[in-house]
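If you check TrEMBL, you get these features:
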type    : residues                   : note
DOMAIN  : 9-98                       : domain 'Pyrroline-5-carboxylate reductase catalytic N-terminal'
BINDING : Ala70, Val71, Lys72, Pro73 : NADP(+) binding site
DOMAIN  : 164-268                    : domain 'Pyrroline-5-carboxylate reductase dimerisation'
Amino acid sequence: MAGRGKLLLVGCGKMGGAMLEGWLEQGLKPADLAVIEPGEASRPKIDGAAVVAAVDALPAGFVPDIAVLAVKPQTMNDVLPGLRRLAGDATTFLSIAAGKTIGYFRAGLGEDARIVRAMPNTPAAVRRGVTVCVAGPGVSELAKARCTELLSAVGDVLWTPDEGVMDAVTAVSGSGPAYVFLLVEAMAEAGIKAGLPADMAMTLARATVAGSGELLRRSSESAAQLRVNVTSPGGTTAEALKILMSDIGIQPLFDSAIAAAARRSKELAG
Ligand SMILES: NC(=O)C1=CN([C@@H]2O[C@H](COP(=O)(O)OP(=O)(O)OC[C@H]3O[C@@H](n4cnc5c(N)ncnc54)[C@H](OP(=O)(O)O)[C@@H]3O)[C@@H](O)[C@H]2O)C=CC1
Ligand SMILES: O=C(O)[C@@H]1CCC=N1
């Protein structure tokens, strides 16, 4: 990371912490970093960075070019008043909060505030995240480039001109890692029921999902073709897929799960 400007991270919980790990691994200079995190246990210890418990403890004169807002949507209202003083030309706010709209931030920070709304995911901790971003009014190309630089340090970055897709993005890729981890848990549990020792079942489920993810990443074949490649005619996989791909299989379940997550994202907007 070139580190042309200063970075403020507001909220160093699970997602903020995952991104911070990625940034530090990518060479973010501690001198260019400030973190606001009230929770003592979550507060990172980084020599040379300004790590404080509240916004009023930031070093005088610290003006970030990017302020990453990584607190829960439900606590965002508490955070914005203290950040209003940063809402000048120099700072772009990069929110990763589910649901919270660009309009919400302009109402809370001032109508001229520059807002980028983004949705990353936790594989950012190992530089395999994916983030979708949308820029509000007044965000410069330079600020967009800086957001891309920060987010691409922890994975892939896509920009959309349409904020309306962000609830679905949140439901698919923001929450998505949880669905994959649940899949591992469910495969391991089913393996135990099929006669495997618990530790072997978990080892196999974990390695299978991780290995399949890596194959998917490296392969030019579609997910559907990779599935077909596993499915010998008249074999074992075909029997399992008859159940997983039936009318009461994984697709209708995913349809309702993703719709529920997107609905919740919309509810968190206010
Ligand atoms: N987890 C995920 O996979 C993803 C989360 N997000 C979004 O990221 C945001 C954070 O989620 P997540 O990391 O899971 O939540 P966490 O609760 O783990 O992190 C939020 C952090 O913000 C801290 N905090 C609370 N109040 C303040 C404050 N006034 N100033 C600064 N920090 C504060 C909390 O401290 P304390 O615990 O002491 O209250 C906590 O450490 C949410 O908006 C969520 O929608 C987006 C994509 C994926
Ligand atoms: O569950 C949540 O609300 C957050 C947003 C996406 C992932 N975690």
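Just so it is clear, glycine is given a Cβ too, placed from its N, Cα and C backbone atoms.
On the structure: features taken from TrEMBL.
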| residue | record | Cβ contacts under 8 Å, 6 or more apart |
| --- | --- | --- |
| Ala70 | NADP(+) binding site | Leu9, Val10, Gly11, Cys12, Gly13, Met15, Gly16, Met19, Ile96, Ala97 |
| Val71 | NADP(+) binding site | Val10, Gly11, Gly13, Asp78, Val79, Ala97 |
| Lys72 | NADP(+) binding site | Gly11, Gly13, Ala97 |
| Pro73 | NADP(+) binding site | Ala97, Ala98, Gly99, Lys100, Leu268 |
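Close to the recorded NADP(+) site, the chain also has Gly11, Gly13, Leu69, Gln74, Thr75, Met76, Val79, Ile96, Ala97: residues not among Ala70, Val71, Lys72, Pro73 whose Cβ is within 8 Å of the site's Cβ mean position. Helix, strand and coil counts from DSSP across the domain 'Pyrroline-5-carboxylate reductase dimerisation' (164-268) read 85 helix, 0 strand, 20 coil.
Confidence in the domain 'Pyrroline-5-carboxylate reductase catalytic N-terminal' (9-98), given as mean pLDDT, stands at 94.
Note on the domain 'Pyrroline-5-carboxylate reductase catalytic N-terminal' (9-98): DSSP counts are 32 helix, 17 strand, 41 coil.
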